[in-house]
């Protein structure tokens, strides 16, 4: 009897282990191989396991390279040199793109990296970054292939949409207006090309009009930030040599107001390269610092060469790809 119970317990334990999501596997036969390959089945549990493993790797790296960093940030508070306004797209994580350590970037992200003075979330982040944290640089970074910008070019939904889709359409409406009114040559050409179309699809990532609108959208956000009272008041305070820090910084004694520069960058998701749009704005009379990123004009030439100079006139049917627009996805 005792032996039977022991056997039952052992088999139960084995079954439990085998049932764990991490151990669930399926056979895949690959051409050219005589044996099947065991592949772990993707489940909700082992997707979370991926995050757990990543967190452990993150902690291991910090322990090895900067063992005191987290404790220092916890004890002394943050004093990041940069505020970052970027897109919510999962492919454009600022910490990853810039290989930045904790405490480097104070961040605000939304669909298509927009800044509007009517958005209290973005404005509060800008206010805190400039007045409390004393950042020296405000970076607006868009990215080629942005779903929010693509959806702004595509035809708006004609049928009734649900609350979630309506919220997205409302959010991207300023970019749609930018597309409809921009005088930039590539965008004007795109509008003319599709002006009589009943349905305009989302453009390909290499489309010149699409890429131009991504860049113009970044410029629009830079312009909105510079015109915001947070920055204009800060610049005024600098001009009169007054202390523009509104509250005592948690990271230490509040010092005199710093020069703040607002930059416009664009990230190429195909190459991982960050380019400068050349629209940096700083305090009046203060020289713009050297920008270590390549100018976007050069990037545009390289892109045209990479995709073929006559691709816009090609009669070949475009390659089919998955087109899950913003109405069906939230990545932008």
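A Cβ is built for glycine as well, from the same backbone N, Cα and C atoms used for every other residue.
Whatever TrEMBL says is automated annotation, not expert-curated.
Checking the ranges 271-301, 302-332 against TrEMBL, the region 'Disordered' annotation falls on 302-332. Each of the binding-site residues 87, 146 was scored by how many other Cβ atoms lie within 10 Å of its Cβ, and the smallest score goes to 87. By the criterion of other Cβ atoms within 10 Å of the residue's own Cβ, the least surrounded of the binding-site residues 89, 143 is 89.
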